[in-house]
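Undergrad: Take a look at the following structure, please.
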């Protein structure tokens, strides 16, 4: 950038920074009109648009001393792209709003945008518009749009007799967050999993094509999200501990912090793994693991019994 | 609501408040899946989606002591719906993110949502999703989606020889803001224009059908927005003072505050009037007034000369 490396948002000004940000965003072929007009215009091939919006607030959803700007950009994009994944859709376009104090380094905003754009590129999606304004605290507002079939996979379709399956890393981000919360920086692989989740992007569409009956993105904790599936579907769900092979770094952190590492798996969010139900074990696609079952009734159990640990990880 | 009238966001909790908010949002026929799943799903009839996002920050874009929650809701929706209007499109769906301190009265959020939904209903649009979270300051993040033709009206299409035309109230909101800024509350009609703008919603589509060559929404000031049209189209624009009949309340406020009321008209934003160019005077639709002309060159003049007053109203 043409500005000094320590230039702030106030130094650069909104219009100057917007021009630099927009230059980072490559436009896909679905974009008829990109950033810079009153609105963007997208060409939509199929007849459905799947859309979701999320807010991330500094100090609540992220800390600038715990993750780089690029990491925060990756996370902000990932948690939104994951919502489209969880419907069985494929994201194509995003808008991004950034509210920030005037003393925010302009470089932070640019690095954030670079991370955001890189995450979007993983699924071939474009940043087509947004807004930049001042606020006392950094707030990131993202809306993501995607394509889906006329039969998106919702939370309410699970039926007694279905199997419960999971894909993606689960519990790693919660382990990383626990490590950071105690002032540590290792195991690095877990800290990185928290800073920059790796959602299983194509898996949602694959599950939809395989006939998933219900699906949800694990952002707040496996058992909490299983609870949403159970409630919305009017069923009970049982999760089996022995379905999980605890990865070595989770065992190490559990031992170091004196925590049962299964708590990270059962209560952890932020990895943006997917949880889905299928009519039979034979329908579960490659890359998914059966971790439980669906029955009549209500609520979520672990190995057939009530679970006493935390069911949803609290964002500090 | 079931909560005591003075309940805060903290008292009610996010999940409780979300349920009450969602109940306020009626879903249109384009909504296959509304709020409450990982994402909403819209059925899209035509092949284009026009999309825009905006942020509103308390203390910067609105003050809770200057406008009711319902007014702020109306304004937040209006400024976004206006962006779709300015492309010649028709809004159909919105998402809304609300970040707020825990001590925000839950009733404020509900009244805000009621105003937001009422404004959306003016154009038949639905609130299909959103997010609610805590922050130090109220931040409202809105994304609006709409339908448009394959030839949306952009900022870059004005050509030498075109006429410049305006529709909608212009300068009233700036007059109202000036009144509030001096601690007054009247003329009430101007204060109300600031609190709750009345954008000329169907006018954008009408202008598009009439062959408008370029169009923009006046959110930051008439001359500032004319400047964007001129720059993007590679032309010069001249605005004529005698094209405006100054309404009586503007004359009254000008006299009371010792300000030339034309400053509100030429520099004021927030009314969300539309500015457009047409190839000839004969093409200008009913309800629009010709206020200037387009020529070769660059920049914006008033009555053929450089303008010395404020060209864009600054949000305090």
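In case you wondered, yes, glycine gets a Cβ from its N, Cα and C as well.
TrEMBL feature annotations, pasted as is:
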{"type": "BINDING", "residues": "B:38, B:52, B:83", "note": "Mg(2+) 4 binding site"}
{"type": "BINDING", "residues": "B:38, B:83, B:217", "note": "Mg(2+) 3 binding site"}
{"type": "BINDING", "residues": "B:53, B:54, B:131", "note": "Mg(2+) 1 binding site"}
{"type": "BINDING", "residues": "B:54, B:83", "note": "Mg(2+) 2 binding site"}
{"type": "BINDING", "residues": "B:61, B:270, B:313", "note": "substrate binding site"}
{"type": "BINDING", "residues": "B:130, B:131, B:155, B:219", "note": "ATP binding site"}
{"type": "BINDING", "residues": "B:220", "note": "Mg(2+) 5 binding site"}
{"type": "DOMAIN", "residues": "B:36-147", "note": "domain 'PurM-like N-terminal'"}
{"type": "DOMAIN", "residues": "B:160-301", "note": "domain 'PurM-like C-terminal'"}
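How about a rundown of where these features are and what they're close to?
TA: Taking Cβ-Cβ distances under 8 Å and a sequence gap of 6 or more within the same chain, the neighbours of residue B:52 (Mg(2+) 4 binding site) are B:80, B:83, B:84, B:143, B:144.
Residues near residue B:217 (Mg(2+) 3 binding site) in space but far in sequence (CB under 8 A, at least 6 apart, same chain), listed by position: B:82, B:83, B:85, B:86, B:199, B:225, B:272, B:273, B:274, B:275. In the three-state DSSP assignment, the secondary structure recorded for residue B:217 (Mg(2+) 3 binding site) is strand.
Within 10 Å of the Cβ of residue B:53 (Mg(2+) 1 binding site) there are 27 other Cβ atoms, across all protein chains.
According to DSSP, residue B:54 (Mg(2+) 1 binding site) sits within a strand segment.
Taken residue by residue with DSSP, residue B:61 (substrate binding site) is part of neither helix nor strand, so it is coil.
In three-state terms derived from DSSP, residue B:130 (ATP binding site) belongs to an extended strand segment. All chains included, 26 other C-beta atoms sit within 10 angstroms of the C-beta of residue B:130 (ATP binding site).
Cβ contacts within 10 Å of residue B:220 (Mg(2+) 5 binding site), excluding its own Cβ and spanning all protein chains shown: 20.
Averaged across the domain 'PurM-like C-terminal' (B:160-301), pLDDT in this predicted model comes to 96.
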Undergrad: Among the binding-site residues listed here, B:38, B:54, B:83, B:131, B:270, whose Cβ has the fewest other Cβ atoms inside 10 Å?
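TA: Fewest other Cβ atoms within 10 Å, among the binding-site residues B:38, B:54, B:83, B:131, B:270, is found for B:131.
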Undergrad: Which of the binding-site residues B:38, B:130, B:270 have a Cβ less than 8 Å from any Cβ in chain A?
TA: B:38, B:130
Undergrad: Within 10 Å of residue B:219 (ATP binding site) by C-alpha distance: pick out those among the binding-site residues B:38, B:53, B:54, B:61, B:131, and say none if nothing qualifies.
TA: none
Undergrad: What is the number of other Cβ atoms found within 10 Å of the Cβ of residue B:155 (ATP binding site)?
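TA: Excluding its own Cβ, the number within 10 Å is 23.
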Undergrad: Can you count helix, strand and coil residues in the domain 'PurM-like C-terminal' (B:160-301) using DSSP?
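TA: In the domain 'PurM-like C-terminal' (B:160-301), the DSSP-based counts are 59 helix, 28 strand, 55 coil.
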Undergrad: Quiz question: given the binding-site residues B:61, B:219, which has the greatest number of C-beta atoms lying within 10 angstroms of its own C-beta?
TA: B:219
Undergrad: CA-CA, which of the binding-site residues B:38, B:130, B:155 lies nearest residue B:54 (Mg(2+) 1 binding site)?
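TA: Sorting the binding-site residues by distance from residue B:54 (Mg(2+) 1 binding site), the top entry is B:130.
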Undergrad: Determine, to the nearest whole angstrom, how far the Cα atom of residue B:131 (Mg(2+) 1 binding site) is from the Cα atom of residue B:61 (substrate binding site).
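TA: For residue B:131 (Mg(2+) 1 binding site) versus residue B:61 (substrate binding site), the Cα atoms are 20 Å apart.
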